[in-house]
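**Q** The domain 'G-protein coupled receptors family 1 profile' feature in TrEMBL is assigned to 43-295. If you look up TrEMBL, you'll see 27-50, 62-89, 101-122, 142-165, 200-228, 240-262, 274-297 marked as transmembrane segment.
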């Protein structure tokens with residue numbers, strides 16, 4: 001790494017400063033973040049254990065939920081250890097290639113989560129609108145194909161972001177990243193060269209994956225609601241609606257945070273930088289924290305199994 005005309009040529013190490021403007025209180029911010037991570041890790045691991053051990057939960061809805069839990073664990077683990085290293089142990093340095101790899105992992109897992117939410121919405125659509133064909137459509141083979149397809153879609157569409165940075169951007173104005181983790185635009189903005197293609201491709205990926213998924217999820221739930229409200233019996237309507245409540249909560253929580261963080265980072269020029277960073281951190285930490293809580297509270301089978309684990313008494 002050396003400087004040329006005031007720029008840094010192909011830096012080998014970057015510096016993550018954490019939350020710009022809040023450096024003096026980052027130690028204290030790390031405490032609730034760490035608590036959120038531990039709760040998310042425990043909740044999602046418990047969810048995976050319950051679904052694996054209970055044969056009655058080996059159904060598409062719960063298997064998709066297991067995929068979501070595994071993705072949440074991976075996503076939060078990609079950022080929290082390094083973030084806490086910055087906040088608590090003053091370890092801001094990260095190798096440039098390691099930073100790009102973290103960026104690829106984070107955005108890939110975000111896209112996988114979006115794909116799983118779409119699959120869950122389609123599963124509920126078939127279960128409510130065409131229940132007689134649900135078992136023949138959502139076979140274990142199809143679930144495997146969906147899991148592989150969602151993962152490949154995310155990995156392949158996010159990979160060019162990494163390749164473009166590595167191959168096109170050689171000169172950087174600074175090696176200091178004003179972020180607590182390696183985010184695509186935070187790295188791209190360090191470059192001294194034209195970054196329009198990086199911005200355009202980032203928007204393309206966001207709207208291709210998140211935009212596509214949110215449109216089809218919305219259409220699925222519109223059709224579900226039309227079907228539910230056309231049911232003649234009130235009890236049947238309530239039962240069908242209740243099966244969708246947890247999915248709707250998770251769907252809103254994920255996409256509202258995603259789009260708010262996405263647009264404020266790119267177009268919120270008058271919003272203080274620490275607001276951008278805090279929103280980005282919450283977007284990655286809140287869904288893994290809330291997902292097992294929402295499904296644990298709203299899904300009777302999971303709630304019953306949790307009750308057996310925590311409140312079972314020895315008959316002797």
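One is the number of the first residue shown, and numbering goes on along the chain from there.
Backbone N, Cα and C atoms are what each Cβ position is placed from, and that goes for glycine too.
A TrEMBL annotation is a machine prediction, not a hand-curated record.
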**Q** Among 27-50, 62-89, 200-228, 274-297, point out the range having the most Cβ pairs under 8 angstroms from the transmembrane segment (101-122).
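**A** Comparing 27-50, 62-89, 200-228, 274-297 against the transmembrane segment (101-122), the winner is 62-89.
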**Q** Do at least three C-beta pairs under 8 angstroms join the transmembrane segment (200-228) to the transmembrane segment (240-262), pairs 6 or more apart in sequence?
**A** yes
